[in-house]
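Asker: As annotated in TrEMBL:
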| type | residues | note |
| --- | --- | --- |
| BINDING | B:GLY161, B:VAL162, B:SER163, B:ARG164, B:CYS165, B:GLY166, B:LYS167, B:THR168 | ADP binding site |
Protein chains: 2
Amino acid sequence: MQNQAPESPIQRIVLIVSDGTGITAETFSHAVLSQFQSVSFQQMRIPFIDTLEKAAEVAERIDRYTQERGQPPIVFSTLVDQQILARVRQSSGIFLDLFGTFVAPIEEALGVKSSHSVGRTHMGVTSEQYRNRIEAINFTLGHDDGQFVRELSQADVILVGVSRCGKTPTSLYLAMQYAIKAANYPLIPEDFERNTLPATLLPWRHKLFGLSINPERLSEVRNERRPNSVYASLEQCRHEVAEAERMMRREGISWHSTTTKSIEEISTTVMQAMKLGSTTY
Amino acid sequence: MQNQAPESPIQRIVLIVSDGTGITAETFSHAVLSQFQSVSFQQMRIPFIDTLEKAAEVAERIDRYTQERGQPPIVFSTLVDQQILARVRQSSGIFLDLFGTFVAPIEEALGVKSSHSVGRTHMGVTSEQYRNRIEAINFTLGHDDGQFVRELSQADVILVGVSRCGKTPTSLYLAMQYAIKAANYPLIPEDFERNTLPATLLPWRHKLFGLSINPERLSEVRNERRPNSVYASLEQCRHEVAEAERMMRREGISWHSTTTKSIEEISTTVMQAMKLGSTTY
């Protein structure tokens with residue numbers, strides 16, 4: 001878990017205050033603060049602040065941190081309700097109004113006023129988008145690691161690659177974040193001996209995208225799972241990766257190395273290559 | 001999939017321009033724009049803009065949209081490199097500099113300069129955080145729906161509830177976004193007949209969190225999976241939900257209704273209740 005315990009007294013407190021989950025603001029503030037690498041931050045998310053009572057508690061808490069630490073916390077807010085926002089601002093925090101800052105220029109550009117209503121950032125459970133998302137998650141879970149090949153016709157993309165190259169987390173991320181039905185199918189030594197793609201994949205060649213990985217890194221990853229096995233040996237990893245890349249080259253399958261990439265980066269590259277979702281280039 | 005096709009000529013184009021994946025900015029801009037419900041937006045993500053050549057292409061594309069639509073697109077940017085940023089700004093877009101806007105006040109508050117370097121927002125593949133995340137995803141996949149109960153000692157949380165109440169997507173989200181090892185365990189009619197929690201859960205009572213759901217909604221969800229079955233009947237759903245809530249009440253397990261909630265909202269509530277991650281309250 002990413003639980004951040006206080007490490008030093010000069011650590012700066014960062015509060016994410018939201019009337020929703022605050023997850024968007026948390027990710028955003030993490031990105032902005034990553035540009036201050038000389039400073040250590042303790043980031044805390046304070047979700048569901050949707051009443052004046054809760055706002056008053058947050059303001060008190062901010063003032064308490066200021067007193068205890070001798071310096072005010074940085075407060076990222078995505079509060080929309082003007083009264084709740086004003087109440088939290090009546091505190092000693094360094095206040096960054098993520099939504100408000102951009103609403104005015106957008107209002108001007110569009111020539112319309114914003115609703116200032118507490119929006120539902122995430123998909124509500126009864127929406128079509130939500131249903132698509134759950135359906136994609138279920139599809140991806142059911143089509144992990146080459147299971148249930150009969151429904152591959154419904155897949156938006158089928159990731160192929162050797163065992164432990166990152167197919168499963170990427171598939172799940174695509175389903176979870178973008179409602180993309182992402183199946184994945186392992187390339188195994190038997191496929192390399194037969195020197196052909198698994199027969200079940202042949203009708204769906206246009207949906208295939210390959211993931212590859214540096215053999216040294218693959219050996220590390222496999223050793224965590226099955227220490228000192230042939231499966232995890234550098235020799236075996238080198239062989240499988242070389243064979244998989246040879247097969248992908250021969251079959252005309254685009255592929256991408258996952259070695260130094262985050263799940264988000266791999267997913268974005270898959271979406272670009274396969275023209276999925278709103279990603280354009 | 002959330003592929004947004006143009007629906008009307010008055011739809012406003014929104015571009016998310018990033019040197020990384022742009023996923024954070026995409027989610028953020030979606031939240032800000034949800035306050036303008038009278039306007040229809042076509043949101044497009046343009047990731048990996050990390051050279052002046054790519055910046056020039058983006059600037060051209062912005063100008064092309066302005067010409068074609070007769071109005072400039074709204075451009076959310078998380079570009080960090082000052083030269084690349086300046087190049088994109090030499091265009092007709094309505095430019096919102098998500099990072100730059102907040103860097104100056106933070107610099108002032110902290111008394112240090114930002115690195116202005118292209119940061120890695122997401123966890124790199126070799127980091128400890130990344131390993132924890134993959135480990136949590138694997139744990140959660142292996143402990144979905146009551147599998148492999150032997151390792152429940154390692155779980156950060158165990159979600160319980162009737163079939164199709166939202167346990168699996170919530171568990172996966174907690175693992176993917178917060179590296180939380182979230183197992184889940186179904187409460188089934190046999191448990192209600194025995195009138196006791198499943199024996200395998202008894203040692204981990206302090207890790208249990210319940211999800212419940214409105215029976216009408218549950219019946220809808222189950223009917224999508226197994227139409228016109230006893231399993232999906234309103235009578236059966238009413239019975240199971242009532243029994244599950246009775247059991248959770250008797251066993252002192254906190255629970256939350258998922259009926260109208262997004263995966264993010266349910267996950268945040270679980271984190272609050274179980275004091276997991278950086279969420280505080």
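Note that Cβ sites are derived from N, Cα and C of the backbone, with glycine treated the same way.
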Asker: For B:CYS165 (ADP binding site), which DSSP three-state class applies?
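Answerer: In three-state terms, B:CYS165 (ADP binding site) counts as coil.
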Asker: If one looks at the chain holding B:THR168 (ADP binding site), which residues at least 6 apart in sequence have a CB under 8 angstroms from its CB?
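Answerer: The list for B:THR168 (ADP binding site) reads B:ASP144, B:ASP145, B:ASN184, given in order along the sequence.
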Asker: Which of these binding-site residues, B:VAL162, B:SER163, B:CYS165, B:LYS167, B:THR168, are close to chain A by Cβ (under 8 Å)?
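Answerer: Correct list, in sequence order: B:THR168.
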Asker: Which residues does B:VAL162 (ADP binding site) neighbour through Cβ under 8 Å, counting only same-chain ones at least six apart?
Answerer: B:PRO186, B:LEU187, B:ILE188, B:SER212, B:ILE213, B:LEU218, B:CYS237, B:GLU240, B:VAL241, B:ALA244
Asker: Taking only same-chain residues 6+ apart in sequence, whose CB is under 8 Å from that of B:LYS167 (ADP binding site), what do you get?
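Answerer: For B:LYS167 (ADP binding site), the qualifying residues are B:ASP145, B:LEU159, B:VAL160, B:GLY161, B:ASN184, B:TYR185, B:PRO186, B:LEU211.
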Asker: Within 8 Å of the centroid of the Cβ atoms of B:GLY161, B:VAL162, B:SER163, B:ARG164, B:CYS165, B:GLY166, B:LYS167, B:THR168, which other residues of that chain place their own Cβ, given that this set defines the recorded ADP site?
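Answerer: The answer, listed by sequence position, is B:ASN184, B:PRO186, B:LEU211, B:ILE213, B:THR258.
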Asker: Note down the number of other Cβ atoms within 10 Å of the Cβ of B:SER163 (ADP binding site), including every protein chain shown.
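Answerer: Excluding its own Cβ, the number within 10 Å is 17.
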Asker: Same chain only, sequence gap of 6 or more: which residues have a CB within under 8 Å of the CB of B:CYS165 (ADP binding site)?
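Answerer: Same-chain residues close to B:CYS165 (ADP binding site) (Cβ under 8 Å, separated by 6 or more) are B:LEU211, B:SER212, B:ILE213, B:LEU218, B:THR258.
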